[in-house]
Amino acid sequence: MTPTDGDVTWLPLVTLVGVSEDTWRKMVRNLCHSAERKRFEETGQELAELLDEEKLSGVPVLIFANKQDLLTAAPASEIAEGLNLRTIRDRMWQIQSCSALTGEGVQDGMNWVCKNVTAKKKQ
């Protein structure tokens, strides 16, 4: 799915702060949303590969657990487990429940990004 598909609820599950366009394109191929449990493991493996890239060393990671307005959406804790997020120890990361449809949680995620990008720049 791409942002141009007309799906007003589109938000990437994984947003990497400060990545190049080429790296972002790699990630866009492996997006999933909170109700796509069967894709969590695959997406987690792809995320781990991306985070191993030297140019992403220490870059904060925000996971938007989107589509929380769906009854079938996995909670953030289940997504964190499915993506193996607890194994990430070399950078700040956050998983944020949200619904792009209602806007709930999106601002909280963006506030986290702003705070952590600023903190990274100060280092």
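The backbone N, Cα and C atoms fix where each Cβ goes, glycine too.
Unlike curated records, TrEMBL annotations are generated automatically.
Some features that TrEMBL has for this protein:
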- ASN66, LYS67, GLN68, ASP69: GTP binding site (BINDING)
Other C-beta atoms that fall within 10 angstroms of the C-beta of GLN68 (GTP binding site): 22
Cβ neighbours within 10 Å, counted over all protein chains: which one of the binding-site residues ASN66, LYS67, ASP69 has the most? ASN66
